[in-house]
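Structure record follows, encoded as structure tokens.
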Amino acid sequence: MSRLGALGGARAGLGLLLGTAAGLGFLCLLYSQRWKRTQRHGRSQSLPNSLDYTQTSDPGRHVMLLRAVPGGAGDASVLPSLPREGQEKVLDRLDFVLTSLVALRREVEELRSSLRGLAGEIVGEVRCHMEENQRVARRRRFPFVRERSDSTGSSSVYFTASSGATFTDAESEGGYTTANAESDNERDSDKESEDGEDEVSCETVKMGRKDSLDLEEEAASGASSALEAGGSSGLEDVLPLLQQADELHRGDEQGKREGFQLLLNNKLVYGSRQDFLWRLARAYSDMCELTEEVSEKKSYALDGKEEAEAALEKGDESADCHLWYAVLCGQLAEHESIQRRIQSGFSFKEHVDKAIALQPENPMAHFLLGRWCYQVSHLSWLEKKTATALLESPLSATVEDALQSFLKAEELQPGFSKAGRVYISKCYRELGKNSEARWWMKLALELPDVTKEDLAIQKDLEELEVILRD
């Protein structure tokens, strides 16, 4: 039972419980008056038989005959004898009341356990956030110079996620360390001994960066004169590089890796250009999709988001900057705590809207907006209220909103995404339009799997085939 169902059932059950209690109280009052009167007349021995069981015409069914005890006229007026059919109706209602009370008790227990679990989760999130703030404060209070360790075999600083048998929110928020974290623990073991288990270095992160940074050091002397002369090179110098990066981005997995390495090698020369920075952020997003290691995925998403932020600092009028910043927010949110995931969701929507406002003919922006609306429309009532309480902003979207965005992306570029067509089919099915859903399902089957999202949504497509089968 979902939390929303638990809340609704609890409210309905509470009303039923109050009505039942009032009825039982009235019956108890009548029973008490009858008992007192029989005591006065010296007929207390007949009271246990005032309500008795008797066999009905239905085999196997017993009903309780509500017959009046012989007495004065007042007794007969208080509890008149009921016909057998009336007694059966009363018993059926009492059975229904008892069943409802049992169901209500079960729902209350489930609601209590779910609320207890939610409270514990929120407390854990707050505690982890406070502990992380304390760690950052301690590190800022005791700055020191890092000593490089020969065991790492690299001069670059890599951010990795903590590894272990369990992966908690505390680790996802603050379990970062560098490849040389061992030397940090040796210098500050007394102050940060409790963080030692969380800071496990990852020795297999982004091996390609080592060579790229070595090349940067070799090219530093040649690029310094250009930087001192006036910053970045002109457009005629960087344009071939940008075109090559765009071509590699549209290629296969190997092409994306080469494009990332190409941009990383030229960051020292062209890193002050906005059109270079958002392409570098896009390359980080590609690498985040390609890698399978969780720590590497988080590191790529984090570094890419920083590059996108640097690009936005140079101007707010680039649709590509907003678009790839939103994409990296979504990728990084997969490795963050609940509160930060909610914040990333709002940032995602904000920057996608800006990208659409600046470049309304971009099909990717409309596809991302449709996916956001679809996910929000399927949040539970409790999840929406939690998000609204955390950020003091309403969170609402419908399946119809998602459908319009997906259709807009398909209109701008037919066959833009296989996943987009699957989402269109799912939206039509949820809106009760099965014929349209079948049509878009067939169109989705015509497209090849291009992205990992296309592969991941293949299961949904197979389920649609079964549901929409003629």
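A Cβ is built for glycine as well, from the same backbone N, Cα and C atoms used for every other residue.
Looking up Ser154, Ser172, Ser183, Ser201 in Swiss-Prot shows the phosphoserine annotation sitting on Ser183. Per Swiss-Prot, the phosphoserine annotation among the candidates Ser44, Ser149, Ser189 falls on Ser44.
Of the listed segments 157-163, 262-268, 402-408, Swiss-Prot assigns motif 'FFAT' to 157-163. Comparing Ser46, Ser151 with the features listed in Swiss-Prot, the residue bearing the annotation phosphoserine is Ser46. Here Swiss-Prot gives coiled coil for one range in the set 92-124, 422-454: that range is 92-124. Screening Ser50, Ser337, Ser396 against Swiss-Prot annotations picks out Ser50 (annotated as phosphoserine).
Along the topological domain 'Cytoplasmic' (36-470), the predicted structure has mean pLDDT 73.
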